[in-house]
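Notes to accompany the following structure.
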């Protein structure tokens with residue numbers, strides 16, 4: 001999760017988020033180079049005394065500042081398209097989780113395991129424990145195995161919701177009457193926090209999501225205890 005004075009992206013917990021961070025750094029480097037070059041040229045134009053009374057046109061510079069931006073855009077577009085297809089790729093999932101958005105809570109179903117179902121509400125501030133996070137902690141966390149391919153199916157019961165976990169690079173819109181899906185691979189244990197990122201109701205941002213990533217044997221024990 002984000003901490004104080006964290007100006008960059010959160011530490012990644014999935015291969016897809018790592019790729020998103022790499023692309024962000026790649027695009028930022030190109031933007032910094034363009035900004036420095038244009039800033040230098042503007043500075044030099046302000047403070048030089050060069051005059052050319054016979055300059056009417058400049059085909060060479062016109063060609064340069066038409067072709068060069070096109071090449072730079074290719075350097076941004078090709079990695080972006082590659083990443084877009086990677087994010088959309090659905091692999092063979094080990095666990096399928098169904099998430100249904102309500103105002104103002106989420107419902108979850110583990111359809112693979114005798115339909116384990118529960119609701120997940122935000123814990124009110126006056127009921128938080130001393131180590132809890134305000135507006136982020138929930139009463140029932142999602143438990144998922146690490147180092148496994150997880151699929152999530154997202155829908156909504158009333159209005160548009162968005163199931164978003166920044167550390168995993170996952171954002172799926174939940175639309176009434178429609179089932180959207182994506183998959184993610186969690187490569188380390190921990191707690192990962194997210195919120196609904198749509199703006200369609202009062203207090204709507206306070207629909208927190210908490211994933212507890214555990215080793216596979218702990219996940220099997222959790223499933224067994226909830227099935228019994």
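Backbone N, Cα and C define each Cβ position, glycine as well.
Heads up, TrEMBL stuff is auto-annotated, nobody curated it.
Taken from TrEMBL, the feature domain 'Cytochrome oxidase subunit II transmembrane region profile' applies to 1-91.
The transmembrane segment annotation in TrEMBL covers 27-51 (among others). Below 8 angstroms of C-beta separation, residues 72, 75-76 of the same chain, each at least six residues beyond the ends of the transmembrane segment (27-51), sit close to that stretch.
For the transmembrane segment (63-87), the list of distant contacts is 16, 19-20, 23, 26-27, 30, 34, 169, 182: same-chain residues at least six beyond its ends, Cβ to Cβ under 8 Å. Taken from TrEMBL, the feature transmembrane segment covers 63-87 (among others).
According to TrEMBL, the domain 'Cytochrome oxidase subunit II copper A binding' annotation covers 92-225. Mean model confidence of the domain 'Cytochrome oxidase subunit II copper A binding' (92-225) amounts to 89 (pLDDT, 0 to 100 scale).
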